[in-house]
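Visitor: One structure, pasted below without further comment.
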Amino acid sequence: MAQLTESCAEVSEIVFFLLGAMTIVEIIDAHQGFKLITNSISTRKPRNLLWVTGIVTFFLSSILDNLTSTIVMVSLLRKLVPDKELRKLFGAVVVIAANAGGAWTPIGDVTTTMLWIHGQITTMKTIQDLFLPSAVSLIVPLALMSLSSEMNGKELEPMLASEQMAPRGQLVLAVGVGALLFVPVFKALTGLPPYLGMLLGLGVLWVLTDAIHYGDSERQRLKVPQALSRIDTQGVLFFLGILLSVGSLQSVGVLGELAEFLNSHIPSVELIASSVGLVSALIDNVPLVAASMGMYSMSEWPTDSELWQLIAYCAGTGGSILIIGSAAGVAFMGMERAEFFWYLKKVSGFAFAGYAAGVITYLALSHLALPFPIGS
């Protein structure tokens, strides 16, 4: 019972975070705030839009977490790509880019944040060592997917320009994005869980929208209660089930035994970290990284050693290989009704190629003493 209570508490933090982020994005969308971004993307060629989507998500995820970045970008894609099947491919690119972007900064992914808080990695060293491998892990899938027939077809249909930005839409966009960006700052300043920062930002936006639309019954859909009724609660419940399943594996000791098996049967650090990344495609990377942190002592592997940097990269980007391997993938799965086997057939090969290319890039840079020149 104690383990179930602890697991539910941990999962609930992520679920409340997800609900807060989805509601903020829904409020911005209801005010047509994203039109400022979608209108600035002029390209209608699928291949060009693929690269724009990947690059924007990559850098957005380095500031926000990969889960929030996926929610924001998939919401944008609904405005840019009307065809549902084609939008799934763009959404898959968002998952790959969000996981790659989250791997090279301490605040971009839960696992890098864990390693950062516990002292296994530092900010500048992580950016210096992991930026280029993370970029390669995105560029390779983008290049390969650009060659597919879907990305070389006819131009996308122009967006309908009938919808106008709601009153104070720019203000709501600024406050909403500011609320999302404030979450890592809130955590750093207070030490409280990130979901509380997300709910605080939602509360500020709630007060703002109620004040803006006070007394106007026709604008009820622009307020938070109506936004809460429109978010994808089925997707959130599915997400809850996935995380509770992973928590049960952790509670019975399966994950710890797996980590011990890797330690005893795989001789090199590179292979151990790469294996962690591959396993994270099947199992949530948070308990995997937590198990790894418990297995390897800081006295043997000090701060910023190759093991910790590789685990940060591999656990983050390896989750892109399967759709259930990351929070970003599960969120995309719920939002766009993407199927596991569709992702396995259409995307997994590209994601694995990028993952492997990133590992090779990291090893080449570290063994050839060619660090990425940040701060040098």
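Yeah, the Cβs are placed from backbone N, Cα and C, and that goes for glycine too.
Automatic prediction, not curation, is the source of TrEMBL annotations.
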Visitor: Examine the ranges 13-31, 89-107 and name the one recorded by TrEMBL as transmembrane segment.
Guide: 89-107
Visitor: Answer yes if the transmembrane segment (310-335) and the transmembrane segment (195-215) have at least three CB pairs under 8 Å among residue pairs 6 or more apart in sequence, and no otherwise.
Guide: no
Visitor: Please compute the mean pLDDT of the model over the domain 'Citrate transporter-like' (12-294).
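Guide: The answer is 80, the mean pLDDT of the model over that range.
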